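Engineer: I have a structure I would like to understand better, so I am pasting it below and will then ask my questions one at a time.
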Amino acid sequence: MNRIEGHLLAADLRFAIVSTRWNHLIVDRLVEGAELAFVQHGGKSENLDHFIVPGSHELPLVARRLAETGKYDAVVCLGAVIRGDTDHYKFVAGGAASGILNSALHTGVPIAFGVLTTETVEQALNRAGIKAGNKGAEATLAMIETVNLLRQIR
């Protein structure tokens, strides 16, 4: 049996990051982690474009448009949705997740769901690099690997 995996080399890749302005103190850390992961794996910062949207609800549409341009090998969506006292959290997080997945499937371009969905601000900060790694970096690494795997399949 042949085992085929993507490698973590971003030297010739061009990525778009789409991040939310909402919860920017958390999201800014995710963006920093994403950029660092891209560069540490051979990517050039000039091959990384950063787009900012108001909130997580806007991520899927902008990600899809970016994917459709053909300029990007992958799109990394970053945000933070923190549970509050109403059901708003469920609709925003669920809508963003399904919209991002549908955008990737529709365009054939890998699009990462790097949106934190947490109960508290503390949990979100931990996942943005304080204690539990940086989920922005993890989303970027997943896209580097996925793009390189897809190149082997074509």
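Using the three backbone atoms N, Cα and C, a Cβ is placed for every residue, glycine included.
According to Swiss-Prot:
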{"type": "ACT_SITE", "residues": "H88", "note": "active site, proton donor"}
{"type": "BINDING", "residues": "W22, S56, H57, E58, A80, V81, I82, F113", "note": "5-amino-6-(D-ribitylamino)uracil binding site"}
{"type": "BINDING", "residues": "D85, T86, R127", "note": "(2S)-2-hydroxy-3-oxobutyl phosphate binding site"}
Engineer: What is the one among the binding-site residues A80, V81, I82 whose Cβ has the most other Cβ atoms less than or equal to 10 Å away?
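Structural biologist: The residue with the densest Cβ neighbourhood is A80.
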Engineer: Measuring Cα to Cα, how many angstrom lie between V81 (5-amino-6-(D-ribitylamino)uracil binding site) and H88 (active site, proton donor)?
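Structural biologist: Just about 10 Å between their Cα atoms.
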Engineer: In whole Å, how far does the CA atom of E58 (5-amino-6-(D-ribitylamino)uracil binding site) lie from that of R127 ((2S)-2-hydroxy-3-oxobutyl phosphate binding site)?
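Structural biologist: Here the two Cα atoms lie 22 Å apart.
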Engineer: In the structure shown, which of the binding-site residues W22, F113 has the fewest other Cβ atoms within 10 Å?
Structural biologist: W22
Engineer: Tell me the Cβ neighbour count for E58 (5-amino-6-(D-ribitylamino)uracil binding site), meaning other Cβ atoms within 10 Å of its Cβ, over all protein chains shown.
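Structural biologist: Its Cβ shell of radius 10 Å holds 20 other Cβ atoms.
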Engineer: Largest pairwise Cα distance, Å, within the listed 5-amino-6-(D-ribitylamino)uracil binders W22, S56, H57, E58, A80, V81, I82, F113?
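Structural biologist: Largest Cα to Cα distance for the 5-amino-6-(D-ribitylamino)uracil-binding set is 16 Å.
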Engineer: Can you name the residues of this chain that are 6 or more positions from H57 (5-amino-6-(D-ribitylamino)uracil binding site) yet have a C-beta less than 8 Å from its C-beta?
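Structural biologist: H57 (5-amino-6-(D-ribitylamino)uracil binding site) has long-range Cβ partners V92, G95, A96.
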Engineer: Among all chains shown, work out which of the recorded positions H88, R127 has the most CB atoms within 10 A of its CB.
Structural biologist: R127
Engineer: So if I draw a 10 Å sphere around the Cβ of T86 ((2S)-2-hydroxy-3-oxobutyl phosphate binding site), how many other Cβ atoms end up inside it?
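Structural biologist: Its Cβ has 8 other Cβ atoms within 10 Å.
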Engineer: Counting distance between Cα atoms, which of the recorded positions W22, S56, A80, I82, H88 is nearest R127 ((2S)-2-hydroxy-3-oxobutyl phosphate binding site)?
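Structural biologist: Closest by Cα distance to R127 ((2S)-2-hydroxy-3-oxobutyl phosphate binding site) among the recorded positions W22, S56, A80, I82, H88: A80.
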Engineer: Taking the Cβ of S56 (5-amino-6-(D-ribitylamino)uracil binding site) as the centre, count every other Cβ atom within 10 Å, in any protein chain shown.
Structural biologist: 28
